[in-house]
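Asker: Here's the feature list from TrEMBL:
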- 11-462: domain 'Aldehyde dehydrogenase' (DOMAIN)
- Gly222, Ser223, Ser224, Arg225, Thr226, Gly227: NAD(+) binding site (BINDING)
- Glu245: active site (ACT_SITE)
- Cys279: active site (ACT_SITE)
Amino acid sequence: MTSSLFINGQWEQGAGAAFSSINPATGEAVWQGHAASPAQVDQAIQAARDAFTAWADLSFAERCEQVQRYADELKANKELIAKTIAAETGKPYWETLTEAAAMAGKIDISIKAATERTGERESDMPGAKAVLRHKPHGVVAVFGPYNFPGHLPNGHIVPALLAGNTVVLKPSELTPHVAQLMVQLWEKSGLPAGVLNLVQGEKETGIALAQHAGIDGLFFTGSSRTGHILHEQFAGHPGKILALEMGGNNPLIIDEVADVKAAVHETIQSAYITSGQRCTCARRLFVPATEWGDRFLEQLTSAVSQIEVGDAFAEPAPFMGSLISEAAADGMVAAQETLRELGAQSLVELTKLKAGTGLVSPGLIDVTAIAELPDEEYFGPLLQVIRYRDFDTAIAQANATSYGLSAGIFSDDEATYQRFYRRIRAGIVNWNKQLTGASSAAPFGGIGASGNHRASAYYAADYCAYPVAGIEADALALPATLSPGLKID
Ligand SMILES: NC(=O)c1ccc[n+]([C@@H]2O[C@H](COP(=O)([O-])OP(=O)(O)OC[C@H]3O[C@@H](n4cnc5c(N)ncnc54)[C@H](O)[C@@H]3O)[C@@H](O)[C@H]2O)c1
Ligand SMILES: O=CCC[C@H](NC(=O)CCC(=O)O)C(=O)O
């Protein structure tokens, strides 16, 4: 049984319920441990509180040095990180190597972002100077999803620590091993006790942490459903910062482009990478109801049918690994069934490949006949096709979602792209490029049910610190003239 919690620089057993993680492609046990009890959540927050003043008092340069030592650990252990993520999520090893690289890449980007977006400024004013500085919030909770169990919590933790906050991390209960390894690397890098604490557990642990009076903020990446619960919970607490990165029901519009093969490739990278388990994945594909559209769909159908699915470490490597769990696989089969009952037709059927695993084949489904398409994020490899007759209708349908994370268009005509850009409602808008694979050097976030206007990645610096404006003079001095009606003898 693993000592699953890291509180005040010590590893300890959880006193809550036992839980475990498995490799979803093989069913092999990966990790076993116990959840944190409410008392341990309390201790973790207290440890973060106790460590806060000393950590925040360090200079930015000193905190950068500490974070750079963690980057060295990330680089030295990249294969171990990638293997751990692959074993616990079922994502292909070639892909988890890119996740490990993104974690290391986050450090320099976050230092640059903190300097540019939350650095210090001074300007002269009569007899004084106007100054702008930033301060950390205090103790912040970080909640992570299972689909990028290293990269996305890391994307909150690194900027939070650089800003001078201390952190309590609650990772996804489906990926405790990745979180444990990440925290072990922070420990190895020499991070002072209490600056980063880890509480493992299921929803109950999340609830205990999120509702705790001792946190000053919460940085969340996960589903829109959970994000909405947190948002309601934070209502009436304007003093606490809440950053929500949530899901999407992302549209991709295809125009009659010259390079059909490239369009097929970018569509596959948009919808099926990570077995469709990326928040940015294309969910709805708008295809012209023309002969060109028929040809495009034939090629797409053929390419989707040939996507290799398999174990994370299989050779030759598959494009798609397993979904996170058998329950997720069953959920995708059920989603396909719901769409069919509403009138959809499968072009490529999504099927469960092996009982007891999360392995599914990719699905492509024509939902044009459905008058009221459910506005759901089906978090897996099931792309919904909608045939369109005119571009304005396609844009209106693309916008017919409560979400607003990513959107894209493939078109050879720049004016068409500009029209799309002006009308579409999303935080990520791409032209002739896959919807997935956003850059950490840009802001990352969505509107509507996808976020609460606290974009992450390059803009994470913004929610990790608050601005303090001041007017400063070395000494008090009487002004040359006093205001009317004043007399100071
Ligand atoms: N916008 C983004 O940056 C982004 C990135 C990755 C994933 N996502 C989204 O995340 C989802 C997949 O991740 P997931 O299934 O792990 O998300 P999830 O919402 O189920 O879980 C996220 C975290 O919240 C915790 N949690 C669950 N219910 C809670 C509650 N009531 N109170 C407090 N904590 C609670 C979980 O234990 C976990 O740690 C997808 O919807 C995907 O689109 C968004
Ligand atoms: O699943 C959601 C994340 C998808 C991923 N986005 C990023 O990596 C954003 C960049 C960052 O947070 O540094 C993608 O677009 O593929």
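For all residues, glycine too, the Cβ spot is worked out from N, Cα and C.
Relative to the rest of the structure, where do these features sit?
Answerer: A sphere of 10 angstroms centred on the C-beta of Ser223 (NAD(+) binding site) encloses 15 other C-beta atoms.
Sequence-distant neighbours of Glu245 (active site) (same chain, six or more apart, CB under 8 Å from its CB) are Leu152, Phe220, Thr221, Gly222, Gly227, Cys279, Phe444, Gly445, Gly446, Ser450, Gly451, Ser456, listed in sequence order.
In three-state terms derived from DSSP, Cys279 (active site) belongs to neither a helical nor a strand segment and is classed as coil.
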Asker: Return one of helix, strand or coil for Glu245 (active site), based on DSSP.
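Answerer: Note: Glu245 (active site) is in a strand by DSSP.
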Asker: Within 8 Å of the Cβ centre of Gly222, Ser223, Ser224, Arg225, Thr226, Gly227, which other residues of the chain have their Cβ, at the recorded NAD(+) site?
Answerer: Phe220, His228, Ile229, Leu230, Met246, Gly247
Asker: Tell me, how many other CB atoms lie within 10 A of the CB of Gly222 (NAD(+) binding site), whichever protein chain they belong to?
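Answerer: Its Cβ has 21 other Cβ atoms within 10 Å.
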Asker: Mind giving me a neighbour count for Cys279 (active site)? Other Cβ atoms within 10 Å of its Cβ, every protein chain shown.
Answerer: 31
Asker: Can you see whether DSSP assigns Ser223 (NAD(+) binding site) to helix, strand or coil?
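Answerer: It is coil.
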Asker: So which of the recorded positions Gly222, Glu245, Cys279 sit close to ligand 2, that is, with a CB under 6 Å from an atom of it?
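Answerer: Checked recorded positions vs ligand 2; flagged Cys279.
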